[in-house]
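Following: one structure in structure tokens, then a few remarks.
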Amino acid sequence: MTVASCLLTKADIGKEKPDGSRGAVLRPYTPVSRPDEQGYLELAVKSYPNGVMSKHIASLKIGDTLDFKGPNLKLPYKANEYSKIGMVAGGTGIAPMLQVIDEILENPEDKTKVSLVFANVSVDDILLKKAIDARESLHPDRLTVHYVVDKAPAFPKFKLAGVGYLTTSILQSTLPPPSESSKIYVCGPPPMYKAICGAKGTKDDPYAQGELSGVLKQLGYSEAQVFKF
């Protein structure tokens with residue numbers, strides 16, 4: 001599977017039809033396992049109260065099946081295309097970022113430096129933190145991680161880059177500045193897209209990048225310097 005790609009999951013768990021069957025629900029997920037692994041894959045899935053597919057996946061038991069389609073290439077990553085990459089992830093939006101990070105770190109010829117800003121509601125909501133921290137510890141000169149949470153404990157056990165919304169000051173201090181040699185990736189829930197870089201996708205084309213707006217535009221980035229997963 002080419003980095004960065006996602007898979008489309010399908011399950012008949014939608015609205016009930018007149019004949020008693022249920023409509024199909026489709027959702028994209030990015031594997032967090034290595035793309036060259038054979039025979040299995042790993043997904044990072046957070047079960048949300050209103051998440052039809054995430055609740056379904058969380059309810060699956062050993063022996064159950066789930067339909068997949070793909071992979072669908074979203075961004076053809078090329079080693080050393082940029083000297084610096086900034087990543088802004090929210091919640092399960094960490095998945096495609098990890099896919100790219102692993103592709104970079106496992107290639108000793110790739111000299112790209114990555115700065116990851118990972119936003120969550122609380123420290124307990126941070127997905128795959130141990131795995132992320134392990135990568136940073138092994139490659140401190142190539143990966144820098146900045147955690148931001150909406151609600152911080154009185155005495156956090158690790159350093160936070162910020163508390164509250166992702167502001168211009170937080171992103172200006174953590175991301176590489178606008179440059180032809182840098183690129184910014186964004187992945188998260190719709191409200192985060194709207195605030196950080198502008199909404200993506202249209203009714204006719206869910207992969208459309210859409211107009212750049214929000215914090216990144218305020219900081220001087222161009223549409224060519226930002227990619228919305």
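If you go along the chain as it appears here, the first residue is 1 and each next one adds 1.
Here the Cβ of each residue, glycine as well, is placed from N, Cα and C on the backbone.
Taken from TrEMBL, the feature domain 'FAD-binding FR-type' applies to 1-78. Across the residues of the domain 'FAD-binding FR-type' (1-78), the predicted structure has a mean pLDDT of 92.
Among the features that TrEMBL reports, FAD binding site is placed at ARG27, PRO28, TYR29, LYS46, MET53, SER54. Look at LYS46 (FAD binding site): DSSP puts it in coil.
Other than the site residues ARG27, PRO28, TYR29, LYS46, MET53, SER54, same-chain residues with C-beta atoms no more than 8 angstroms from the centre of those residues' C-beta atoms, the FAD site, are THR9, LEU43, VAL45, GLY51, ILE57, THR92.
Neighbour density at the Cβ, taken as the number of other Cβ atoms within 10 Å, is lowest among the binding-site residues TYR29, LYS46, SER54 for LYS46. Neighbours of MET53 (FAD binding site), defined as other CB atoms within 10 A of its CB across all chains, total 21. Per DSSP, the secondary structure of the domain 'FAD-binding FR-type' (1-78) breaks down as 8 helix, 23 strand, 47 coil. Other Cβ atoms within 10 Å of the Cβ of PRO28 (FAD binding site) number 19 in total over all chains.
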